[in-house]
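**Q** Pulled these from Swiss-Prot:
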CARBOHYD  Asn63  N-linked glycosylation site
CARBOHYD  Asn93  N-linked glycosylation site
CARBOHYD  Asn135  N-linked glycosylation site
CARBOHYD  Asn181  N-linked glycosylation site
CARBOHYD  Asn220  N-linked glycosylation site
CARBOHYD  Asn226  N-linked glycosylation site
CARBOHYD  Asn254  N-linked glycosylation site
CARBOHYD  Asn280  N-linked glycosylation site
SIGNAL    1-20  signal peptide
TRANSMEM  308-328  transmembrane segment
Amino acid sequence: MNKIIIFILFLISILQSVRGFTDTDEIVVLYLEAPLFFSKFGTLLANVNAFHSGLGFYSLNSNETYQVDFVAVPGVLESILPNKIENGEIIWNTSGKVQFSDSIDNTGYWSSEKEIMTINNEIFETFLCWAQNYNESLSYYQLFDVLNRNTNELLVKSVVCNDFVWAGFNALYNLGGKYINDSIIASRDIVTLYTRESIEYVQDGSTNIEVISFYEAMLNISIPKNQTINGLIEELDELFKGNFYLYVNGDYYNVTLDSSPFSFAYSESPLPIGERDLSNITLLESCHFQHSSDNDIILNNKNGIGGWIFIIILLSFTTVYLVGGILINKFKNEKSGLDLIPNKDSWSSLGGLISDGFGFIKSKATGSTSGGNGYSSI
């Protein structure tokens, strides 16, 4: 019997080690940056500070860490160029996706980690719900801001990793996040196309002859190995005589480019300050945290997963123990009837332990205990 209790306690200790943040954790929010390396993009991004960014979270009370970022799927280039043109229609294969990982990548991918603010577990859980709503609202990747140089009016807003991060800062601040200090600053990339006119929405753009001709020419452009993004935009501007058709989440816009049509800036960007306003935070009516091994979208109910792992291991152990013990008692010890049950007297007193054990498992699997720390479902 003592061996059974020791084994159960061992399994409980394993279950406790795969937990999430607790209600008492103080959590630090990190601004993560990773350079877009020359080895991948060549000189296309030469002379620019091009970074991928994300948000990291770590507990000051434990070794728990999390990472959330927004990426172009399958890549940034696919958000600019269509997959193909077939039967008189432009076909795209592009989307934007919020990724969640239950650890911060420590392989050296992130070149910079800056502490921004502290939050608690309640804010973290609400943020995860907000992140899913963000991705349902903005499920595409749009590289460019489009700005009217005459009026300084933003005509099209980019939807990139930095936009997600700054929207995340805004959500966390309005939910009650506290800055590490009053002098926190952070910088980001901003890619801008300039026009001096209003942009024109193109009706039925995917089958529009002029739009198709534009993207056929785009697909046929051979980018030299030493081409920079500035040079590429200038080449496109000359090729298309200032008319640029921009694809944005199923829609097309005719953008008449300015004489200096492009800029790539890496500069300080303001963080949210002032009065907090929860009306800025849009959440889904219900949230379910669903972990995916390929980081498919959001979120990980680690307590629930741990609970079911515990159940499976415990039932497997019990089955093997009973079947093995019965076989040994029957064929080696030549017992019969109820005496076949291994440690029969000990098992008869196990009812209370089983009841308590299932109560514990239920609390871990459902997060139903009062004051528990199971994630709200997203």
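Cβ coordinates are placed from backbone N, Cα and C, and glycine is handled just like the others.
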**Q** Return only the integer: C-alpha distance in Å from Asn181 (N-linked glycosylation site) to Asn220 (N-linked glycosylation site).
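**A** A Cα-Cα distance of 51 Å.
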**Q** Name the secondary structure element type, per DSSP in three states, that contains Asn254 (N-linked glycosylation site).
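**A** Note: Asn254 (N-linked glycosylation site) is in a strand by DSSP.
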**Q** Once the DSSP letters are reduced so that anything not helix or strand counts as coil, what is Asn181 (N-linked glycosylation site)?
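**A** Going by the DSSP assignment, Asn181 (N-linked glycosylation site) belongs to neither helix nor strand, so it counts as coil.
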**Q** Which of these glycosylation sites is closest to Asn63 (N-linked glycosylation site) if you go by CA atoms: Asn93, Asn135, Asn220, Asn254, Asn280?
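**A** When the Cα distances are compared, Asn135 comes out closest.
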**Q** Using a 10 Å radius around each Cβ and counting other Cβ atoms from all shown chains, which of the glycosylation sites Asn135, Asn181 yields the largest count?
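**A** The most densely surrounded of these glycosylation sites is Asn135.
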**Q** Write down the Cα-Cα distance for Asn135 (N-linked glycosylation site) and Asn280 (N-linked glycosylation site), rounded and given in Å.
**A** 16
**Q** With H, G and I counted as helix, E and B as strand and the rest as coil, say where DSSP puts Asn280 (N-linked glycosylation site).
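**A** The residue in question, Asn280 (N-linked glycosylation site), is helix (DSSP, three-state).
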**Q** Which of these glycosylation sites has the least crowded Cβ, counting other Cβ atoms within 10 Å: Asn220, Asn254?
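**A** Among the glycosylation sites Asn220, Asn254, the sparsest Cβ neighbourhood within 10 Å belongs to Asn220.
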**Q** Applying a 10 Å Cβ distance cut-off over all chains shown, what neighbour count does Asn63 (N-linked glycosylation site) have?
**A** 8
**Q** So how many other Cβ atoms are close to Asn280 (N-linked glycosylation site), meaning within 10 Å of its Cβ?
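**A** Result for Asn280 (N-linked glycosylation site): 14 other Cβ atoms within 10 Å.
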**Q** Near Asn93 (N-linked glycosylation site), which residues of its chain come within a Cβ-Cβ distance under 8 Å, counting only those 6 or more away in sequence?
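**A** Once residues fewer than 6 apart are set aside, Asn93 (N-linked glycosylation site) is near Pro74, Glu78, Pro82, Asn83.
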**Q** Measuring Cα to Cα, how many angstrom lie between Asn220 (N-linked glycosylation site) and Asn254 (N-linked glycosylation site)?
**A** 20
